[in-house]
Amino acid sequence: MDKVMVLATGGTIAGIGEGGAYTSGQVGVNDLLKGIVPKGVEIESEQVANVGSQDMDSDIWFKLLERIYALSAREDIKGFVITHGTDTMEESAYFLHLSVQTHKPIVFTGAMRNSTSISPDGPMNLHNALAVCAHPESAGLGVLVAMDEGIFSARDVSKTHTSHLSAFKALNTGAIGHVYYGQVHFHAKPIQKHTLQSQLVLKGPTPLPKVAVVYTYVGCGDFLLNAALQAGVQGVVVAGMGNGNVNHTLLEVMAQAIKQGVVVVRSSRVGSGEVQLGEVDDMRHNFVRAGDLNPQKARVLLQLALLKTTNPQTIQEFFDTH
Ligand code: GLU
């Protein structure tokens, strides 16, 4: 029988409360699993953390990484389901997608409604995530996110709505499969490098470089970027306007930051589409383009890339291929 290891970290799926007023990370993993395990799937579980994912941090990321490495060595474990708050699920999933070297499936899931609300979505999401994890075609696809009957690659998925059950979407690529009452159908595979092919894998915990996201808006000037530079960041992701555009004042400070050895990535606040060569002269300034990664995901990649190099060309290659 296929054995899936459930690693629980908290979130609304484990939340308790009245409707929208609730506290994340209250219910233990064994209670979450009662009555929802698909037939033919055996489970084990561990409570790695129990937090709202706004409190997710690199310590918990590394606990997950270490548990996955240790447990992957066990032949009886076919894969991992990670329960997680939805607020930062896309960042944690992408971190492991890039950093964990395993062919075993890792499937994130969570819930938009807390466990004691009317019609919670957590039980079905967890049931479906377990089915996805146990499915033979899930191996080698890297980290997946199973939410609201969709199966997404960790690279492409983001939370696009504050409350809808269908909040998770891959706006540029779409889902790579669907899961309906535990029936799994894949129709695409991720093409960028991840897990076994990733050039950004980690063997264990290591301090992650300080990288800030600087948001842009009308009249934003340069003070946020200056504050980030004064705080000693090694990299900055600028959430630019449209195709990663910035005003002249900010552009000047971005160019100075490069001269100080800080890596500057242009991304977009738009939420979908790609940041490409355009109005900003990336070649002249040595800026890196985030492609179709949103700012928070570009930050995850940049942190891992900065552990390998500060060369903007090499970092651009990581962005183009991961
Ligand atoms: N803040 C909560 C969290 O991310 C709410 C999101 C959720 O889990 O749906 O844990």
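Here the Cβ of each residue, glycine as well, is placed from N, Cα and C on the backbone.
Per TrEMBL, domain 'L-asparaginase N-terminal' is recorded for 3-191.
Among the features that TrEMBL reports, active site is placed at THR12 (among others). Within the same chain, residues at least six positions away from THR12 (active site) with a Cβ under 8 Å of its Cβ are TYR22, SER24, GLY52, GLY85, THR86, GLY110, ALA111, MET112, ARG113, ASN114, SER115, GLY122.
According to TrEMBL, the feature active site maps to THR86 (among others). Neighbours of THR86 (active site), defined as other CB atoms within 10 A of its CB across all chains, total 25.
The domain 'Asparaginase/glutaminase C-terminal' feature in TrEMBL is assigned to 210-319.
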PLDDT averaged over every residue in the domain 'Asparaginase/glutaminase C-terminal' (210-319): 98
DSSP three-state assignment (helix, strand or coil) for THR12 (active site): helix
